[in-house]
Amino acid sequence: LLQSGQHSCLAGLKTLLLNVSTAVTRDVLIAFSPTAGPSRMNTTEKGKTGKIHLPREIFQSLSSQTVSVVVSVLNIQQLGLFKEVNQTAQVLDDTVVGITVGESSISGLQDPVQLTFAHGQLPHGVTPQCAFWDPSKGTASLGVGLGTGAVPSTHSHPPVPVAGPAGGWHSSGCVTQPGDRGTVCSCDHLTFFTLLLNPALDASTAKALIAVATAGCGVAMAFSIFTIAFCIFIRCRFRFEETVRINLGLHVNLVGSLFLLNLAFLLNSGLSGRTHPRTCGVLGGLTHYCLLCCFTWMALEGCQLYLLFVKVLGIYIHHYLAKLCLVGWGFPVLVVGVAGGIGSYGEYSIQNMDHQVIAHLCWITSKHLLVHYITNCGYFGLIFLFNMAVFGVVTQKSCSLQGTGAVQGHRKPWKVALVAAGLFCLLGATWALAFLTYGISSASVLYLFTILNSLQGMFIFIWLVVLYYPKTKETTGSLSYIIRHDKTTTASQD
């Protein structure tokens, strides 16, 4: 049911013509490579060969007895085609694969066509994305079909379509399945396909992010100092119950760790790339230590909220705050000590797809990225899940107390929203954006992540001023009053 294929070859263009019966009972398999072009699939063929899987649904839906299948493999660098304006993604091996069946346009396939683009290990920070050429993205080019032109062939088969100079890449209707040896693209239509390699960062984005982070760190350090001074002032100036004094002590330590982290980042961005390897290793360990301290104090803030709101317990442990400090500042020392003992710290280079270095950092080296995934991603992931669970319980309990009239007095809605947002920030929710910095939208998420976290100290300062500055008419609406009321209610029930 599948007749012999015919080949044609021009500079940068290789094609294969297959005459397929519409009564075919098996899917059609075709192999392709950037150098050899398309060919009939050999069942023993392995290695770096790409594959095209055409479902028999395509042929069975056609009315004619036989249909011509044209598969084209194009080198866009040689042909000078498929150039999108302001394109940042790189086309894998400069290769585009075009598939046409008969004279009609085929789309909306229930059983998608599958293309496997073979490749080795992709550079770190690069995300593969299946895409097709959409000529309507720009000015329509001359030609037939979906805005395409035609390249004549020496064989008596339909002309091989090649996209014109206008248009752009789209991914709608295609699903990307990355793998170690290749990426599978499943698409519900036939056209020109490729695999785009999207960089997480380019040189201009990296420089802009560093500039934004540097300015944000300066602002955050200033507000960290304001916050620490404010907490010390109200703790000495006004009389609070012991629970509130412990809370203020927790806030001071968290803000202190943020101050040190911002300071370490400024030193890192200023000295990395021109320091001695040992000095860079020490600076990388210091930055990692400050980051882990921030995460640990966020976890301790969540534990404190859990004890006050969920367990409704007073804190009567002797030297309770001192023991929290031992955990908050001491536990990261153990982690950094172990990581440093195995040589995890040194110069970390951020590269583009051409392996050109666009930024230097003193951090965990590329050879020990597992340390980063365990001690940073894994550790923070657990803290984030716990803190968000506590935040949900606290929010639900506060709303129920407000609804039952347990909390007297009226607080303005904007203050209630600000207190909730501040608590959300205090528990480190903005750091969760780091898990979204992978993929084609990573640049915008990186900007958002950088801005929000560099200004975390300012958010906490505003939150503390609104929440803790004592005003007698609003004291009964504060978190401390809710805690006291809950304790009284629980004691009376017992």
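Each Cβ is built from the backbone N, Cα and C atoms, and glycine gets one as well.
All TrEMBL annotations are machine predictions without curation.
Pulled from TrEMBL:
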type     : residues : note
DOMAIN   : 30-203   : domain 'GAIN-B'
TRANSMEM : 208-234  : transmembrane segment
DOMAIN   : 213-468  : domain 'G-protein coupled receptors family 2 profile 2'
TRANSMEM : 246-266  : transmembrane segment
TRANSMEM : 286-309  : transmembrane segment
TRANSMEM : 321-345  : transmembrane segment
TRANSMEM : 373-395  : transmembrane segment
TRANSMEM : 416-440  : transmembrane segment
TRANSMEM : 446-469  : transmembrane segment
Original post:
Who are the long-range neighbours of the transmembrane segment (208-234) in its own chain, taking Cβ under 8 Å and residues 6 or more past its ends?
Top reply: 201, 240, 248, 251-252, 255-256, 258-259, 262-263, 265-266, 269, 359, 446-447, 450-451, 453-458, 460-461, 464-465, 468-470
**OP:** Using a Cβ cut-off of under 8 Å, list the residues of the same chain at least 6 residues beyond the transmembrane segment (246-266) that approach it.
**Re:** 213-214, 217-218, 220-221, 224-225, 227-228, 231-232, 234-235, 240, 283, 286-287, 290-291, 293-294, 296-298, 300-301, 304, 315, 320-321, 324-325, 328-329, 426, 454, 456-457, 460-461, 464, 468
**OP:** Quickly jot the same-chain residues contacting the transmembrane segment (286-309) by Cβ under 8 Å, restricted to those at least six beyond its ends, or write none.
**Re:** 243, 246-247, 250-251, 253-254, 257-258, 260-261, 263-265, 267-268, 315, 324, 327-329, 331-333, 335-336, 339, 345, 362-364, 375-376, 379-380, 383, 386-387, 390-391, 393-394, 397, 423, 426-428, 431, 483, 486
**OP:** Summarise the model's confidence over the domain 'GAIN-B' (30-203) as a mean pLDDT value.
**Re:** 78
